[in-house]
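Here it is: the structure, laid out below.
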Amino acid sequence: MKGRLFIISAPSGAGKSTLCNKLRAHYPDIQYSISYTTRPPRNNECNGVDYNFISCDDFKKGIQDNQWAEWACVHDNYYGTSRELIESYLDTGKDVLLEIDVQGMQQIVDKFPDAITIFIKPPSLEVLKSRLERRGTDAPDVIEKRLLNAKKELSYDHLYQHHIVNDNLKTAAQKLISLFS
């Protein structure tokens, strides 16, 4: 039996990574596809755990070699998902979780039309701004850029099969976990 492909997207700061971590703790057998990126690691991030951090030249070579199931340039950095890795997991009956943006979701669904799509929403843009500020990893101008991008991403939520508003972490995690049953 072929595995299932789950795609989770959300604006930056909506709690996507936190919810994915809760999901992975509940379903430890799900294969989590670690994205590749050209952005520098944040203080608490580890290569091969949070992201695969690679050079811009290596990423662009991957584009030429059709290495990516999806890729995008977001906030002046490249992000991508290994096509070969997804296919190998699905072919061996393993469920796969992708934590990617709206652009990536559309590319993946074009290649994997049976994918199950989930959009995580913040309760409001004001709450989102507060979360980004509390995170303490971005300068004010970067936060403004992320908020502008969030407005755009929220306008695409209708492309997703499932929606979860992350206004309470425990409740949002329970809703997310229930979609994987």
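Note that Cβ sites are derived from N, Cα and C of the backbone, with glycine treated the same way.
Annotation source TrEMBL lists ATP binding site at A10, P11, S12, G13, A14, G15, K16, S17. For 3-181, the entry in TrEMBL reads domain 'Guanylate kinase-like'.
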Rank the binding-site residues P11, G13, G15 by the number of other Cβ atoms within 10 Å of each Cβ and report the first-ranked residue.
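Of the binding-site residues P11, G13, G15, the highest Cβ count within 10 Å belongs to P11.
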Could you please provide the mean pLDDT value for the domain 'Guanylate kinase-like' (3-181)?
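Here the predicted model's pLDDT, averaged over the domain 'Guanylate kinase-like' (3-181), is 94.
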With every protein chain in view, what's the tally of Cβ atoms within 10 Å of the Cβ of A10 (ATP binding site), excluding that atom itself?
27
Hey, what's the Cβ neighbour count for S12 (ATP binding site) at 10 Å?
23
Does DSSP put G13 (ATP binding site) in a helix, in a strand, or in coil?
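Where G13 (ATP binding site) sits, the three-state DSSP reduction gives coil.
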Would you pick out, from the binding-site residues A14, K16, S17, the residue whose Cβ has the largest number of other Cβ atoms within 10 Å?
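Of the binding-site residues A14, K16, S17, the highest Cβ count within 10 Å belongs to A14.
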